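Listed features, source Swiss-Prot:
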DOMAIN    8-295  domain 'tr-type G'
BINDING   17-24, 92-96, 146-149  GTP binding site
């Protein structure tokens, strides 16, 4: 069977934004207008289709990126289509900082993105974070300025903010007519017409009209800016425009705007209000006009499984005749089907019952059930093609970031990097019956979410959950209760401290043990040096002339590494140092790998104490947005939390305060902030770097953990 839709009519795109900009509402409207969803789900009623976990519906935020497939016929007048049906695969990504990892995963498999802004707040901190992530994955994007019906909505201020904050060139292609309660429609700068929404049929019908006189000058001014950006994409068009003042016709103009968007030379901007159902159809048209199809994307370069240099020299592209390859970018537990693995197919075809290999883990997998997802409704399918985003049921060993491919032509597409967790809590099952359920729940949740780690504390035997923030762990604990029916006691959140060394030191350690028969003997001379923050650990042997035989050197490193998990001050992991093995002595009979391992371990422990071991704490980048009246109090409070205020600037009618604050002092901050600002201020924070802990606090922590 052949594919139903040619690749040029595919659009794989994500919807990304700051929390509360209206991302999920936009996705809902898209599903409504494209006929996938028969009633419109409202986030504030807890009924949005894309937010399908109970907690998402209760908290009104999106946690997991739901992938959904829908179809759109481009239309200018709302009644007859002017293009054939396009297939849209949409991924709704979370906007809360604790879930940046979800965004990271979905960006890896998208071709394009729509960035949704709040017309009042503009480019917010999380928008910048996501924008930078999208830059890293080279994802072409366009902007939809949402909530134009809100008080204080300002489209042109948003356009300025895009340029100031992200450095991208913003090119409006559609300008809202009116704002706040006066929002009537939008000016299409490409065709120079007004779109005016009619009546109360949820924005499904509109009329096109010539631009009214009062708006004509403004429209011409912005159209000229748009054309200038567009003609830069083609020498002939530019020459005609500059020499003869000849403007490109509508199809040429769209083609040039598309070329510039794909080259990331600029970002098309439109405005509207998803909640009021105004501006969603022009947005869908723009997705088709300007965002890439899988054919517009450069070849995805992978590397050969087992290649340690990871030389990316194996191309994969959207071609059905190539060998099959796909990337598993998300795992979800579906209450009815069990574990579902979301896969983006980069090349080739996949059929039900096919055998394939997981080249990341070198395991075989078999395709059991194959589904096309619509939020959380599923449609069983028998085959899928390059460019599709599908869900597979029944995969045994595949986790997020793994490559699935044809056995005869294996490739590894991606090695996703996931941030280290900065906050941890201890969990204990309430009853014996809960214990087994909890182990299964934690295993499933950590398979779904690589930024969540589960460890057992060696000394206390407690189970430790580690994550990216309070909200992240809150929701995971909540899911354990709901989805897996586990009752557990939760400890207070703890900070993930680290240890490092203050200065370089040379240390010799001799391990001698005589107890009748053959004894143990090993001597090592170590040079322990601090490295730059974030550089991590390295080991190097400088042994010449066999002072320590080759076969014993791995023992020394093993001993050194065993100290890294539990530093000398308070038992926290040790980071950012390097060790050189300078010299040593051995005994023909009494030396062994074990003896050198013990010497390495003890030498490292003593050496670290001599090297001025220091305790490090995670420092968070905090941004508080507050009405001006509360600024003084909030800055005072941040300073009292050992925060360093970096500056403040005006954001609309509010003030944004930037600061670095130790995580240890940020627990429960949301409650303090709410009471200080009568609930009007909000904040976001994300991990930035590690810094040494002041001595008096370090002493307290050491006493507590000793």
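Using the three backbone atoms N, Cα and C, a Cβ is placed for every residue, glycine included.
Model confidence over the domain 'tr-type G' (8-295) stands at 79, taken as the mean pLDDT rounded to a whole number. Neighbours of residue 148 (GTP binding site), defined as other CB atoms within 10 A of its CB across all chains, total 29. Within the set of binding-site residues (17, 93), the lowest number of other Cβ atoms found within 10 Å of a Cβ is recorded at 93.
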